[in-house]
Amino acid sequence: MSGYPKSYNPFDDDVEEEDTRPAPWKDVRDLPDGPDAPIDRQQYLRQEVLRRAEATAASTSRSLSLMYESEKIGVASSEELVRQRGVLEHTEKMVDKMDQDLKMSQKHINSIKSVFGGFINYFKSKPVEPPPEQNGSIVSQPNSRLKEAINTSKDQENKYQASHPNLRRLQDAELDSVPKEPSSTVNTEVYPKNSTLRTYHQKIDSNLDELSVGLGHLKDIALGMQTEIEEQDDILDRLTTKVDKLDVNIKSTEKKVRQL
């Protein structure tokens, strides 16, 4: 047998527990129609304005954080393109040097074929060969557009780090500096004079200004990378032609050596 009386409703406890839950956010449809309705409506509108201003500030801060990260990635990619250009230019110079050495070898082979020619060439002064290139760090200059974009972004990097030490949590760092008022204690003053709302508006405007500048940097980086890639494509085309020509000359020289 149950220990409860017959008239006991087991769901009464649930009702009491539900009453202890925090009240949901007021909606305009939940506002009373009594004499306090105008005051409640004003308070609701102020809360709604603050809530939306806070959400907008957080959203623009997140967008700003993503923009900073994108710019850093763009600069890193541009620097890798510059390094790649240096490798291509160095490779092209090495191929040119190999072609010169191969031409000199072909002249020696042709002179060896004739004993008389060999004696004459023996007493002739040897041609002056260019000094070998010193192997060192490869220094290459990118196109002017990309170089300017990289320098501009790097100049701004210190400013970004000083303003936002942790870019991945930029939105938290930004909003923590904004004084917040509890939603239940909104001032009865007209909200344009509200310091919290004014701070949110200033933060939103500042974020939008920085977003505009940052997007301009991203555009310059993208255009500079496009020009750099096109120029490196030209280097690759030249290098491919020279390598093909060098391969043919090597096979021809090898054939002449076997005929000696």
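For all residues, glycine too, the Cβ spot is worked out from N, Cα and C.
For reference, Swiss-Prot has these:
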COILED    76-107  coiled coil
DOMAIN    198-260  domain 't-SNARE coiled-coil homology'
MOD_RES   Ser65  phosphoserine
MOD_RES   Ser77  phosphoserine
MOD_RES   Ser78  phosphoserine
MOD_RES   Ser114  phosphoserine
MOD_RES   Ser163  phosphoserine
MOD_RES   Ser184  phosphoserine
MOD_RES   Ser206  phosphoserine
MOD_RES   Ser212  phosphoserine
REGION    1-42  region 'Disordered'
Completion exercise
With the fewest other Cβ atoms within 10 Å, the residue among the modified residues Ser65, Ser77, Ser206 is Ser77
Completion exercise
One should report the C-alpha separation between Ser212 (phosphoserine) and Ser206 (phosphoserine), rounded to whole angstrom, as 10
Exercise for the section: Compute the C-alpha separation of Ser77 (phosphoserine) from Ser65 (phosphoserine), stating it in Å without decimals. Expected result: 19
Practice task
Fewest other Cβ atoms within 10 Å: which of the modified residues Ser78, Ser212 wins that one? Let me know.
Solution key: Ser212
Completion exercise
Checked against DSSP, the composition of the domain 't-SNARE coiled-coil homology' (198-260) is 61 helix, 0 strand, 2 coil
Practice task
Tell me, roughly as an integer, the mean pLDDT over the domain 't-SNARE coiled-coil homology' (198-260).
Solution key: 90
Exercise for the section: Using C-alpha atoms only, work out the spacing between Ser206 (phosphoserine) and Ser65 (phosphoserine) and round it to an integer in Å. Expected result: 13
Completion exercise
If you measure between the CA atoms of Ser78 (phosphoserine) and Ser65 (phosphoserine) and round to the nearest Å, you get 20
